[in-house]
Amino acid sequence: MSEGDTLLYLDGVTVTFDGFRALNALSLVLEQGEMRAVIGPNGAGKTTMMDVITGKTRPDTGKVMFGKDTDLTRLDEPAIASLGIGRKFQKPTVFEPHTVWDNLLLALAGDRAPRFTLFARQTADEKRRIEQILETTRLTDVRHRAAADLSHGQKQWLEIGMLLAQEPQLLLVDEPVAGMTDAETEQTAVLLREINRTRSVVVVEHDMAFVRALDVKVTVLNEGSVLAEGPIDLVSDDPKVIEVYLGR
Amino acid sequence: MKLDRAAILTIVLVFGAALVMAALNQMTPPASAMHVPTYVIALAGKYLCFAMLALAVDLVWGFAGILSLGHAAFFALGGYAMGMYLMRQIGDRGVYGNPNLPDFMVFLGWKQLPWYWHGFEWFGFAMLMVVLVPGVLAAVFGWLAFRSRVTGVYLSIITQALTYALLLAFFRNDMGFGGNNGMTDFKAILGFNIQADSTRSALLVISALFLCGQFLLARFVVGSRFGKILIAVRDTESRTRFLGYRPESYKLVVWVLSAVMAGIGGALYVPQVGIINPSEFAPGNSIEAVIWVAVGGRGTLVGAILGAILVNFGKTWFTSVLPELWLYALGAMFILVTLFLPRGVVGLFRRRSRLEPEPEVPAASAAQEVTG
Amino acid sequence: MLRLLALLLLLLCGPLVAHADDPLAELASGSFDTVRQGVEDLAQSGNPNAAKILSALQNGQLYYLPDHTLLIQADDGSYANAITGKAVSDDDAEARSVRINNSIRSVLDAALGSLRLFDPNPSVRLNAAGAVFDAHQPAAIPALDRALAKETDSAVKTRMQQARAAAVLSDPGAAQDARLAAVPVLRARGDEAARGVLASVADQPGPVGAAAKAAVASIDRVLQLWSLAQSVYYGISLGSVLLLAAAGLAITFGVMGVINMAHGEMVMLGAYTTFVVQQVMHAYVPSLYGGSLLVAIPMAFLVAGLIGVVIERSLIRWLYGRPLETLLATWGLSLVLQQVVRSLFGADNRNVTTPDWMSGATQLGGLTLTWNRTYIILFAFLVMAALMAALRYTPLGLRMRAVTQNRRMAAAMGIRTPWIDALTFGLGSGVAGIAGVALSQIDNVSPNLGQGYIIDSFMVVVFGGVGNLWGTTLGALTLGIVNKFLEPIAGAVLGKIVVLVLLILFVQRNPRGMFPLKGRAVEA
């Protein structure tokens, strides 16, 4: 693939907290339209990597590029989100007092400035898009319920729905199936593959069955840097990987 | 914008009561059993001004999660702007009879009006300042605070420091705002005798008008998409950032709006109580305004108005009947409401509404918020 | 004819010449110039009555008769001959008062001063030398020389030498070498007075002026250093007060994260405990009254600490994780506590006495150190050191740190976290009580005592970095010193406002203070 197709490019990214190296010269390249699974033991730096990409944490050194020429280390969270990078958190974080419908409405791509939202009225187009996402995430029946009243799985799905509403180029998904039933997990894998048809996705996950089900290129992180990279079968046979992660 | 029953009821009650009281004061003879004495009119007007302050506090605390312990500062600044206009209206009717200088400046031996007093002889200019002074201060303060993500108790503490600094500053004679004594002995507003019953009644009705206006404005803001984002910011600020919103802009807008609302309240307060002095900046005043909101019901606009009127009515009653018990009552109110009545009085009457806050936060995560 | 003229001249001038030799006759004159001359001459004459006569002149009690006899008026209005002391019965009309003007007055001061230089009492001589120094009249030089020759006391001698140097330097007619030699003597003295003498000749042309100018500059530098040191001392003193007030808060807010708005009231309770302890000791064991503060310290710790435990158990534990609600509830509590104290002790200030060993001041070079401030500085550091040691080395401290770092893990290891919470809060409150003992020495003990400290205390803790006792210490001292350095420039109130505004701006730039804790917890 040519360089023009690179969507996300991390090079030599290092983050230290009080002497502890959360990321250690991490390098990662994600192609346009790719889905990537990132695995690794606890403390390997998965969440910190997400933080760096979304602007929550500034790296001490290293390059983080989005597309051809956007340096993400210079931008803050809202700017990065507006570029088209969406993030789903490990713990589902939705706006609990709001209805499912409102949650999606707030997530819909559009003007984010107060002077717009103060006078904004819901348009027919917005209504159509929300209904579509409700359909995709199977939340149509609960659309008028407060998000606080949803089940755990429904909240996870609502958050994925909110990601979709943002219409991002790249989705960062942190442990999407944690706490889900097997059936829900399966459906989530289907959903993510569906999303991947139009967008790039990075999935951080512990659940090996789920990663296998995704059937994509896997990056194994350990102690802040990449330990191995490749198809799941290849990676899971790697003795280094077995030692630090699968073996335990 | 659709109004629910509670909102309509609030407006009708506030405005209707003010109108009826003013009418009874004006149209019945003092001997009549129906007569409303003027001091009651002034008292009611004061409550309505406090209700505006409460509404302002509720807007930032109830809907944006900013616990301001310095909102009385904006109230007092609006009051001072109005006070300056009223001082200029005194003209040569002061004790020293100086047509150009307020009494306290003559007393200090000043020869001419400080530059920042110019313009306050015009009502329009003074009213502009009522809006601008609190608004600009809030904008500068908020811009600095929200941009560097000062939140929670840190923000509360520096808002308190802000009003404390203003308190000390306004105590100084050379600030040119009357120092310790502030401004008083007002004679006229827009040419009307400020002591006259008719003026008092008119001020009450105007206060009611402004309160209802502020209430409707606050409802509009809270009910808009902006308001929904604000609540999202209150509960999960970081999540809104990852959706591309800038919480600092949202907070700044509502913060400035709230400061201006408080300033208008203060401006209406001064002609009705007849004095403005630095004690209005005392940190305790700001915190008391917070308890009005907590008693009425944080995050419900009706609650803010109700709380302000209830608590201040209680204060008037206590301080006349059992003055030494008032601080016990107020202190107990702070404790009991936070412990047992997190949704306030309004919460007692209302099932859980989607606009109301979620006070239950796991201890561990919140402790981290503070110590981390 | 010429001879006749000469004789006439002699006759005319005769009395004048005679007057010039007799200072007493000079004094008996209506001319200011002659009187001044008389004062100078009398001072140097060695006349045993000189001191008496000059004192009378200074007090306006010296009179003269037309025949130039000097009289001294007693307090009852009667006159006596100035030399013989015999009573003189004379009309008021005959006796005229010797009038003096400012120029005579200063000469008179110097003259009297130089006369006392021979007093048998060394401390009088020392004062006299000081007075001569202040007057620095060249006329005093001969007297000083004579006194110096006889002087044995080294302190007095030094002071006389300084006085002589001042007089020589101030005499434009003196030899240049002598004047140049005087400069280093004054420079060595190095205080404001010496600087004044030097400065008065600094703009004279020639080497003396230049040397004096250099000496003034050198004294200025030294004086500036002392005044700087004094400001630092005041700053540290204020900082130590802030530190004491904030020390307890550094535990309850800094370590536990509890926003205790009633913290100031814990300080206030400590101050009232001191008052009660003093009253009780005064009534029952007056002999031990001097040690009342030492008794009050543990008492205040216990009283405030126990109340703290009660507050934690009854109120704060229901509000963990809700910092804003905690803030409101504890504010309410502070109102109640103030009102309780007001009901029990009245709203007026209560008088807490300062023991003798804490009153007064000492001089350290150019520094004035008041004992109560100095003790409070020492006490503040002692309290901080004890607090740090308690957290670091005691089992309770270990458990406290465990609970604040990972509550669940600590609970899993068998630590009774609720009790640790209560004890930690009690410790913070107790320390606040101790602070109250110290603050009772420098502040009014009234129900409002605590309110004055609460905002400052929070600012100190936030400024220093929450959860960091070193940061709190440095924060308090920095704020104290900055405040004291701003005061001369901006005035006390404006200085405080400036500090508050700077703090507000600082906290907005660095929301986590000077020494923020780092780590993943912060990012989470």
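Keep in mind that glycine also has a Cβ here, set from the backbone N, Cα and C atoms.
Marked as transmembrane segment by TrEMBL: B:38-57 (among others).
Long-range Cβ contacts of the transmembrane segment (B:64-87) within its own chain (Cβ-Cβ under 8 Å, at least 6 residues beyond either end) map to 53, 56-57, 102, 117, 120-123, 126-127, 129-131, 133-134, 137-138, 151-153, 155-157, 159-163, 166, 170, 177, 182-183, 186-189, 194, 230, 233-235, 237, 250-251, 254-255, 258-260, 262-271, 276, 278, 280-283, 285-287, 289-290. According to TrEMBL, the transmembrane segment annotation covers B:64-87 (among others).
According to TrEMBL, the transmembrane segment annotation covers B:122-146 (among others).
Listed as Cβ neighbours of the transmembrane segment (B:153-171) (distance under 8 Å, sequence separation of 6 or more from its ends, same chain) are residues 66-73, 76-77, 80, 141, 145, 177, 179-180, 182, 277-279, 281-283, 286-287, 370. Under the heading transmembrane segment, TrEMBL lists B:153-171 (among others).
Long-range contacts of the transmembrane segment (B:202-222) within the same chain: residues 1, 3, 7, 10-11, 14-15, 17-19, 21-22, 41-42, 44-45, 48-49, 51-52, 55-56, 58-59, 63, 189, 192, 230, 254, 257, 261, 264-265, 268, 271-272, 301, 305, 355, each at least 6 residues beyond the stretch ends and with a Cβ under 8 Å from a Cβ of the stretch. Residues annotated as transmembrane segment in TrEMBL: B:202-222 (among others).
The feature transmembrane segment is assigned by TrEMBL to B:252-270 (among others).
What TrEMBL records for B:290-313 (among others) is transmembrane segment. Note on the transmembrane segment (B:290-313): residues 6-7, 10, 14, 46-48, 50-51, 53-55, 57-59, 61-63, 67-69, 71, 211, 215, 218-219, 222, 330, 333-334, 337-338, 341-347, 350, 353, 355-357 of its chain, located 6 or more positions outside it, place their CB under 8 angstroms from a CB of the stretch.
Marked as transmembrane segment by TrEMBL: B:325-349 (among others).
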- Item | Stretch with greatest number of CB pairs under 8 Å, the transmembrane segment (B:252-270) reference, B:38-57, B:122-146, B:325-349 candidates | B:122-146
